[in-house]
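Annotation comment: TrEMBL describes 360 as ATP binding site. Here TrEMBL flags 331-506 as domain 'Protein kinase'. The signal peptide annotation in TrEMBL covers 1-31. According to TrEMBL, the transmembrane segment annotation covers 274-294.
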């Protein structure tokens, strides 16, 4: 990149930076507030002056202290740093004003800018200082061209950019840098070893042409005509002011920072390009794949839920199974749960859904026909939380089986007759009430009255939550709802659990 294009890029970046920082909304609001509060005033031939400027002696709410003007009949002066400058004009539309060094010797043919004036903060970029007063409200216009003066202990030879100022030389040698600077930046390592900073001054305004071969007399003309300074509203907080000063030092005074900004922008664009490529070729297909998998999985879950619901609906009515199904469900009668007077009980699994069931195989087919019919007839259509549910049955020649829902905790007798497994009185009361609700439903809640005739702990099963369920309806009988009495001839049950007089009569 050429020096001209580099300067152009740096200037554009600085101009944008100044625009965004100096035109902050908060500052603008503050400025408008002061403009409305304080009236316009005249000063030294200048009219319609407003915020941020103020006159000496104005109330504290009018303008800012660093932009205070001293007014006489002929001149308006402003003090910035340790220097005093005459204000020639103020342009509020573009936020700049034109000043001339009041201490400049107009009659001298060999003047030199003040090193400790408001320009000092810019010049002291070489020395490492910065004036907060300048940064707060007044600044040298970006892209300004500068003349730079150095004091050397010995003459410089064979270097075209150093023009001697012979009228100022005495025991030392004064030179003016003819390669005019942008924004007042001179790297300290670019000076000759025998030279040090003396003074520097802006040349007019950023838009004014300055020939590259400008001589010292031409620079003197610029100095006598003055130069442009920008102004902005105040930043009252000292911490913000210091942060802003550091920002101005880094980005407004150092053209090398523009290279860093440019490189940062290039790096950001490169990262964006990589991200877009990654998004297009990796992340987008991956997102589509994840979406399709999600849709498939969601549909599968829905279908499985519907199928499971339909399976459960079918199980509400006892189904007839073939003996081969019973063998498959029990896994060839692998898991035996217990043995009773009417046969053996096995654990099995119904597919699909992996529903655990208990299958009661009726032993003697010649004697168990009545029990089989009684159980299927009585509880085949009963659905109550305290009555075990009959899921299905099997009847093939001499093989008969009843399929019940599986009760993980087995029968009640294991707990009430065991010293190791026992319930609290509250739990026993809860179980007794559950059994009573089941019996009440059998007696009054069905189309026909169902009398169990064999209520005992062995025939009370407990589910996963120890909810009692009445089971084993082998001795049960059906009676019309209108019958209030059961004939004694129908009495039956297990000795020890029926009335003693019934045992003696039987």
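Cβ coordinates come from backbone N, Cα and C, glycine included.
TrEMBL does not curate its annotations; it predicts them automatically.
On the 0 to 100 pLDDT scale, the model's mean across the domain 'Protein kinase' (331-506) is 82. Within the same chain, residues at least 6 positions away in sequence whose Cβ sits under 8 Å from that of the residue listed as 'ATP binding site' are 340, 342, 343, 344, 345, 401, 402, 403, 404. In the three-state DSSP scheme, residue 360 (ATP binding site) is classed as strand.
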